[in-house]
């Protein structure tokens, strides 16, 4: 059944995959992914390669190469279980295939291994994955505009993505966030993005660690009037992100987008901020710690209320 689903999904996305090969990044990645099979089966070249096959056929995979390719398939299947978008699936195949090719080329010939590794480094430096350029209703912030814009109108609810261009997870999430902005943007609900790879001070202010080891990218924050209500992914005591799937369904559910959208789209420009202060109370959020001064104020208010009674 899973095989049928995979086949149907592949056939459904064939037009999209076909368009990818007009982009140099995907075309060159495909060639580098197939580099070793092409060399191993290339007439005039494969005859000069060493082989451990019993029949001494150097133009066919030996048992060790088959074992490495099977191990590669297992790793790709495990990684793709957590993949969300088609871009992530294809990206995992490209990444681990290149790693396997490095091992295979070094095993066959040291010179071929060094040549392929050099090509991989040059490709990594010169050829970047294409950035999502589809339609979207997203405001892009800088370090000097984000705070002013978020606090300008207390009626507006913002969903802000903190991202970095070098992060594959952020690149895969870009089309999902763009689709959400097209579906849910309205007068009282807006979407924004800020590149913390470029504006590191913003990451410090909003307590987001851009290190790849912490896995906090991308981070989504739901804010109103500059106050944070929801953050995903959550961060543990060690500063590491708690695993969370950035799918459209999970974002709609965790951020209660349907309820917020229904209320925000009814807002008018003449309404006062106080009229929608309860807008985000239905959104699931962590309990904020109460400071010592707030506790003293609460204790002082209780006896006054008793006297009033």
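Backbone N, Cα and C define each Cβ position, glycine as well.
TrEMBL does not curate its annotations; it predicts them automatically.
Within the set 96-113, 114-131, 132-149, the record from TrEMBL flags 114-131 under the feature transmembrane segment.
Remote same-chain residues near the transmembrane segment (20-40) are listed as 46, 49, 59-61, 65, 90, 93-94, 97-98, 100-101, 104-105, 112, 116, 119-120, 123, 127-130 (criterion: CB distance under 8 Å, separation of at least six residues from the stretch ends).
Outside the transmembrane segment (114-131), and at least 6 residues removed from its termini, the chain residues within Cβ reach (under 8 Å) are 23-26, 28-29, 32, 35, 91, 98, 101-102, 105-106, 165, 168, 171, 174.
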